[in-house]
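> Quick paste of what Swiss-Prot says about this protein:
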type     : residues                        : note
REGION   : 1-293                           : region 'Pantoate--beta-alanine ligase'
BINDING  : 34-41, 160-163, ILE189, 197-200 : ATP binding site
ACT_SITE : HIS41                           : active site, proton donor
BINDING  : GLN65                           : beta-alanine binding site
BINDING  : GLN65, GLN166                   : (R)-pantoate binding site
REGION   : 294-528                         : region 'Cytidylate kinase'
Amino acid sequence: MRLFTTIAGLNCYLNLLRNEQKKSPDTIGLVPTMGALHKGHLSLIKRAREENTITVVSIFINPLQFAPREDFKEYPRQLEIDKEFCEKEGVDVIFAPTPETMGMKNALSTDAQDSTTTVVSPSHMTSIMCGVSRPNFFQGVATIVTKLLNIVKPNNAYFGQKDAQQLAIIKQLVKDLSLPVNIVYCPIIREASGLAISSRNQYLTPEQKEQASMLYASLCYGRKIFLENQDTPNILETVENAVKEKLASQPVLKLEYLEIVDPETLKPLENIQNIGLLAIAAYIGSCRLIDNILLRNRKPIIAIDGPAGAGKSTVTKLVGQSLGLLYLDTGAMYRAVTWMVLQSGVPVTDQAQVAELVSQCQISFNSPENNHVVINGQDVTVAIRSREVTNNVSIVAAQPTVRYFMVKQQQQFGAKGGIVAEGRDIGSHVFPNAELKIFLTASLKERSRRRLVELKQKGQTNISLEEVEKEIICRDQKDTNRKISPLRKSSDAVEISTDGLSIGEVTQKIVDIFKTTCYGKSSVNNII
């Protein structure tokens, strides 16, 4: 692991890595932090390491984020401990610049913001919630995050959902400034009590930590009220009152704000069409804590992942039929794109030409119940199952531009919920907030046998079981090791081995699991 405190040193090192044949320029992940690393940061680091060749952790206590009377001087500084933490977790590079390196002449000056060019985000995003009591906070966040993205030039940058307002502002910043980076948000990591993990938790006594867990308990109570009364007039006002009432049972918590907003635009909501953010801030003693939870007013999403030959496609279709959900065959979308590239004569490895094709293609599902796949007006339902497409789809699917446009289309399909989708990174990347995530697997022998039967049923009899096994092993290696969104099991996915189980048995298992989940109980009655 390398530690750099200057931009020159960091840039020199990263440029050397980019120029090495074995290091691709699209595999750098950045985890921006202010130090005092904890389990929440660990989840970001692990995600970055899984999805990138090089992981960079920045440690910078940003003075622009602190108001004159806030705890800049007292904010925990433990670089040596953080270095050990990062090295243990396999981080490749730490970037720990000084304020002067980041362009601030005097970090402790009250006019620090006037000493450097700053980034100003839309006022409607910064003037509510945390922005009311911290008017310069998000300007400071946006400025330093922009600097870090320009310095490191990562492919992916990782942020926690706990700082939901910050996350929305950064996503908008990246979009508005056309910055070439993918913003990845990761779920909130909590103590056993439900308290969201934060660097500021170390200011709390054990008793205060237990008392502070009422923040999350109140949010959960609000969500429960929402799910049970979604069609009631003025339901959001009812939810807010319920949260405040629950919070009042712990009088040491002093509420600063409670808001229900759109998680992307941060605009206050009067009703929830698809999804809303229930966000809270409160003080316990002198320590300010924030937390949030999502309120969904849509049919559920089920994400089913797993390796090739695990039986995902057939099972997913049947689960959709059983629960009245639309089957979104994302694998077929990638196959359709691969077929299009092969038909065009463009080499599948020519990423620029592939990008030209994919950025202009339109995929649709005509007669979803019959799984007809159409690309640019042509039905390719049968053609995309050929061996040629199968042997090339991982190469095409791993390309950043392909994945960007396919994920964008998939998320548009899922905006209103009511779908079940299968693939290799559906739960981890495409629909990270899916109500239920399943990871289907099976032994290599079983997967190969199934694939051989499928090929023979399609008239492809000139292939042996050994050849199929080799193809599946090769496919697994490509899917697991691809640099962009590799095959991986989400930490909150339920794993099901399909060896020795019939298709019907696997389907019923998933349906039963769905019906017993929290969201399933509240949603399934509207579907079945």
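Just so it is clear, glycine is given a Cβ too, placed from its N, Cα and C backbone atoms.
Quick one: where do these features end up spatially?
Under a cutoff of 8 A between CB atoms, and with a sequence separation of 6+ in the same chain, the neighbours of ILE189 (ATP binding site) are LYS39, GLY40, LEU42, SER43, GLY160, ALA196, ILE197. DSSP assigns ILE189 (ATP binding site) to coil, not to a helix or a strand.
Residue density at HIS41 (active site, proton donor): 26 other Cβ atoms are found within 10 A of its Cβ, drawing on all protein chains shown. In the three-state DSSP classification, HIS41 (active site, proton donor) falls within a helix.
Secondary structure at GLN65 (beta-alanine binding site), as computed by DSSP, is helix.
Counting only same-chain residues at least 6 apart in sequence, those with a Cβ under 8 Å from the Cβ of GLN166 ((R)-pantoate binding site) are PHE138, VAL141, PHE159.
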> Taking the Cβ of MET34 (ATP binding site) as the centre, count every other Cβ atom within 10 Å, in any protein chain shown.
17
> How many Å lie between the Cα of HIS41 (active site, proton donor) and the Cα of GLN161 (ATP binding site)?
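The separation of the Cα atoms works out to 12 Å.
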> If we check Cα distances from GLN65 (beta-alanine binding site), which of the binding-site residues MET34, LEU37, GLN161 wins as closest?
MET34
> In this predicted model, what is the average pLDDT of the region 'Cytidylate kinase' (294-528)?
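Here the predicted model's pLDDT, averaged over the region 'Cytidylate kinase' (294-528), is 86.
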> For GLN166 ((R)-pantoate binding site), just give me the three-state DSSP call.
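GLN166 ((R)-pantoate binding site) sits in a helix per DSSP.
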> Could you tally the C-beta atoms, other than its own, that fall within 10 angstroms of the C-beta of GLN65 (beta-alanine binding site)?
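I get 20 for this one.
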